[in-house]
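Q: As annotated by TrEMBL, compositional bias 'Basic residues' applies to 60-72. Per TrEMBL, compositional bias 'Polar residues' is recorded for 709-728. Annotated domain 'Mucolipin extracytosolic' per TrEMBL: 159-370, in sequence order. The feature domain 'Polycystin cation channel PKD1/PKD2' is assigned by TrEMBL to 468-617. What TrEMBL lists as region 'Disordered' is 53-76, 703-737. The transmembrane segment annotation in TrEMBL covers 132-152, 387-415, 447-469, 481-501, 522-543, 589-611.
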Amino acid sequence: MVLSYWRCWNSNRPGGTVFADYWKYSDGENVPLLSLATDASSSFPRVRFYTPQTNQKSAPARKRTMPSRPRSRMTSMRGGDDFGSTMFIDFDELLGSLQPEQKDQGERLRRNLLFFFMDPIKKWTVRRQFPFKLALQILKIVFVTIQLVLFAEMRITHVDFLGDTVTVMRHKFLKDWDDGRDTVVYPPDSGRYSVYKSADLIENFAFIVTSYYSIREESFASFSYDTTLHHKFGEEYNPVIWDHDFDRIPPMKLCINRIASVVVRNSTYEFDISEVYECHKLNFTKAEVANISSNAMVLQDILAVRNITFKHEDALIISKATVHFNLRTIHFSPVSTDQTPECYRIEVKVAFDNSRHTGQVFIDLNAVISYEKLCNGRILKGGSVSAYSFVIGLLDIVVLLMCLSSLILCCRALIKAHLLKIKTLEFFDNYLSLNLSVSDQLSFLNIWYVMILVNDVFIIIGTVCKFTIEFKDFDNDLFTTTGILLGTGALLVYIGLLRYLRFFNQYNILILTIKKSLPNMLRFMVCAIVLYAGFLVAGWVIIGPYSIKFRTLAQSSEALFSLLNGDDMFATFYTINDSNTTIKVFGTIYIYIFVSLFIYVVLSLFIAIIMDAYEVVKDRYQQGLVIERSILREFVNSLEVPSLSDPEARAQFAQSQLLRLGVHLPDLRPAWERLCAAILRRAESPFAYGSFPNNSTSNITNPNHSFVIDSSSSNANAQPESASTSRETPAMPMSSV
């Protein structure tokens, strides 16, 4: 009884493998078994038959006796549990039935496809084609890493300066601000910086005013006032303010968000909730500042004159009050590699937040620091350009050129692959009456090249932005954009190197495991995400008001993900406020269920899926079972892989023996030859041009008398002037002229 039909590589034949057809029969205990091994010269599998009794290579299996089938049709049969549905076509027979020209095209296409799917090492062995893309990627990763390290150092220095400046602003303008609030700890040691009485609010406001007007005298830093003025010619300039120029200090600005009015009587109230936003310029005199410094409560009377009050009856009216002022500073760090002073403008905002109207007014200081291009000065040192700046600029240029070269090579490879796919589709459709599947067509699209192309674009844009930064445009958003582009580009560059490691079986296990387990992981993640979303929403709604870890939806997700990875669980239990016993009990049970379900069940199943894929990949590599079944693969496998050490076999993969890819342009040689003939004709008879006799053939003799050009011929071949000349001087094509 026939069980299944197999098409196999028979490695018993001398001189290489031969493609053969086999039937698999059930003969009692003597059922032939299949063992696949990978040929050393090819990535495609071979099939050998073994018997279970002796574990020796059996005699050739019985040939098929199935009826003949149409040549161009595809046979689909079940080839065993491990292989699934396989499709076999005798492409040698199909190519043999074609016309000689079509057969030659098919052979070229088959060799081209086999060469296309080779790795760079085999391409080098076959055609001595140097792997430019591989060498370029290795060099690129070295230079990109150096560029990224230097940029990271520059960015860390810049961000540290911004952070230190904000810290100084808080210590300078927030009363009783201590060092403990500068460190980021979780849970925080103290609550939010706030005041609870109107007198405390006035005292903090007065502290801001006195600190602002004494910033130059009391600060051990190069802070100055932002006195940007406009010149009569339209240019901006920042004049210096001396001690006697107190009146020229820019005024502070106070902006208040409030509602229109509130009237509260016994058991009655009247609210006009129309929102009002008003700003006031606080231009204090020197005497007023002195009085405020001696007694902070004087500020309340000074503000009342300007129709600004912060009394207890204003608690329901005022929602937020913000103090605005600008400063300037110069940043210079001798320990920095680039010792160039930089000018910055500091936009300070101190907000008194009373939006909750609970009696607790939160105070927060925010400083936006921006680079100022308008900063005239000079540096007294030897050279105008430091050696460090020169090295950085040269490195950026090298990285830019390498990424452009890599981008061009990858685009060229993708275009050639697309043209080869078009040729393959046309040949299969026109001559073999076969249609390639979507997976076969996608095999021409190299995802690794696409990823390299993307990282080249990222690094090129990031390098251009880095050029702008090095020309003293220290915009924070530009720093962030450059860091994201360069960091993402470097990550993709490193991932792209895995493409070349996958050509070695021992180093390919990670990629194959991810590829094998990815479909199952995605299906599993769909169910896990639905379950996770349910816990997320429930935890945020129920526990959120009573725990700082579940205060917002994003914080709730971060807390659950941290619990899933074994974060400090006791802190999560402890941060739930016990003022509500029901919520405390529910939160405890909620965390128990979530941790038990996701750590003991979900994570274990997730790891089991990956381990199962790893075991399958490991077993296949130990037995050499790497099988890909498709029409395209069968067509490529039908070509006997030549010995790479044979020069004659390698000559089959020369460029002249493969398909000619590219856009077919019209042959312009005849038109060029006619143009050259017309130019020579005009040179011989400049005055008689256009007055030739009524003859379709006009012969012009070359001054050297070695040949004659017939202008009526499309090829413009040279004609002999005499019989002797014809024997001695051969005809020359016009293109030689």
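Every residue, even glycine, has its Cβ placed from backbone N, Cα and C.
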Q: So if I exclude everything within five residues of the ends of the transmembrane segment (522-543), which remaining residues of that chain have a CB under 8 angstroms from its CBs? That is, six or more out.
A: 550, 552-553, 556-557, 559-560, 576, 583, 586-587, 590, 594, 597-598, 602, 605-606, 609
Q: List the helix, strand and coil residue totals of the domain 'Polycystin cation channel PKD1/PKD2' (468-617) as derived from DSSP.
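A: Summed by class, the stretch gives 127 helix, 0 strand, 23 coil.
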Q: Please indicate, using numbers and ranges, the residues of the same chain that are 6 or more beyond the transmembrane segment (447-469) and have a C-beta under 8 Å from a C-beta there.
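A: Tertiary neighbours of the transmembrane segment (447-469) are 133, 137, 144, 147, 151, 154, 396, 399-400, 403-404, 406-407, 410-411, 413-414, 475, 478-479, 481-482, 484-486, 488-493, 495-496, 499.
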Q: Taking residues 6+ outside the transmembrane segment (481-501), which of them lie with a CB under 8 Å of any CB in it?
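A: 120, 134, 137-138, 140-141, 144-145, 147-148, 151-152, 155, 448, 451-452, 454-456, 458-459, 461-463, 465-466, 469, 507-508, 510-511.
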Q: Looking only at the domain 'Polycystin cation channel PKD1/PKD2' (468-617), what is the model's average confidence as pLDDT?
A: 88
